[in-house]
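A short worksheet on the structure shown next.
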Amino acid sequence: MSQNHENEEHDHFYHYEDGAFECTKPGCNVRKLRNPDGTLRPQNPNIEAIKDDFLYHLGLGAASHDLVNMFSDVQFVCMGGTSARMEIFAHYIMKEIGHSLPTGADLQDITRKSQRFAMYKVGPVLCVSHGMGVPSIGILLHEIIKLMYHAKVKNPIFFRIGTCGGIGLEPGTVIVANQAVDEMGNNYYEQKICGKVVKRPAIVDKRLVNELLALSKPEDSFKVVTGATMCANDFYEGQGRTDGAFCEHSEEDKMNYLRELQNKGVKNIEMEATIFAALTYKAGIKSALVNVALVNRLKGDQVTTPKEVMMEWQNHPQILVGRYIKKKLSENKS
Ligand SMILES: O=P(O)(O)O[C@H]1O[C@H](CO)[C@@H](O)[C@H]1O
Ligand SMILES: O=c1cc[nH]c(=O)[nH]1
């Protein structure tokens, strides 16, 4: 029989937005995602049998690298589409948390040999680019989650600091997702595995959402809102755009679709939300999707804002997540 610890607040419980939780308390039979010290349990029984589990797209191996020495102090993993953004974020967070590199040293892209993603480590913060779309971030998530396991990282928290199209929102607005849905409004990530369709719940951590929302300040130059984030499998037709190389739907079809989404509480559209929420949830990792809107899709499709303005907007999610990280690190110290 499973023991019920649901009413207790304790570090070895992992609470989910839907009320479910995983308990790692000794003696509790509830399925375990983490060990009592916060390290992750591998969810794939095959992993332990692989001698040198090679994280191919990261260019890191469980035997060829001392992953514990390199990464065990990681507490936060921040992901975003581009390598440039993640390098900027690495420099930003370094200043924010007062981390310094050894004299003469510079930030290094740890995965440069693989030439796929870019990854920077700033003390307890890992900053990684994930490319565009579900397949790309999915591969990265598999390898980063395994990295967390191999490196014995404790209670990591994952963030996606991304860009998106807003629905009825002023560009520059930050959306912290309280739900991740696909193009049909489904609250799960669907994958075909060995000829079968597997649906994995895409659950975001409501507590983390609320903590992030509380970090917005009245004096900020940008608004922070919450709502559902829609994950599309494409930037053009999949997001209802009429400016792709092909378009067999009308402007009216697009507007009807966007309004329908808006009525269902969808605030923004991007391309990674469902898999990010689903795989982190399945791994027992707290995570949040923090995106900035680059365009109001009710007003148009093209993203034509000058680069400098867009770069400034891309900082908005970084500011919010930076505040969270700084707060948590100072709480941990005291
Ligand atoms: O700016 P990033 O983080 O890549 O996010 C958004 O931008 C890309 C499309 O332009 C997709 O990856 C989408 O999710
Ligand atoms: O409209 C947008 C803007 C950025 N990223 C997207 O996926 N869609």
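Placement of Cβ uses the backbone N, Cα and C atoms for every residue, glycine included.
Annotated phosphate binding site per TrEMBL: Arg116, Arg160, Ile161, Gly162, Thr163, in sequence order. Around Arg116 (phosphate binding site), the same-chain residues six or more apart in sequence whose CB sits under 8 Å from its CB are His57, Leu58, Gly131, listed in sequence order. In the three-state DSSP scheme, Arg116 (phosphate binding site) falls into the coil class.
Look at TrEMBL and you will find Gln239, Arg241 tagged as substrate binding site. Taking a C-beta cut-off of under 8 angstroms and a sequence separation of 6 or more, Gln239 (substrate binding site) has the following same-chain neighbours: Gly165, Ala232, Ile269, Arg297. Secondary structure at Gln239 (substrate binding site), taken from DSSP and collapsed to helix, strand or coil, is helix.
The domain 'Nucleoside phosphorylase' feature in TrEMBL is assigned to 76-325.
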Integer average pLDDT (0 to 100) for the domain 'Nucleoside phosphorylase' (76-325): 97
Intrachain C-beta neighbours of Ile161 (phosphate binding site), sequence separation six or more, cut-off 8 angstroms: Cys78, Met79, Gly80, Arg85, Phe89, Val290, Asn291, Pro317, Gln318, Val321
Among Arg116, Arg160, Ile161, Gly162, Thr163, Gln239, the binding-site residues whose C-beta sits under 6 Å from ligand 1: Gly162, Thr163
Listed binding-site residues adjacent to ligand 2, that is, members of Arg160, Gly162, Thr163, Arg241 whose C-beta is under 6 A away: Thr163
Cβ neighbour count (within 10 Å, all chains shown) around Arg160 (phosphate binding site): 26
Rounded inter-Cα distance in Å - Arg160 (phosphate binding site), Arg241 (substrate binding site): 24
Rounded Cα-Cα span from Arg241 (substrate binding site) to Thr163 (phosphate binding site), Å: 16
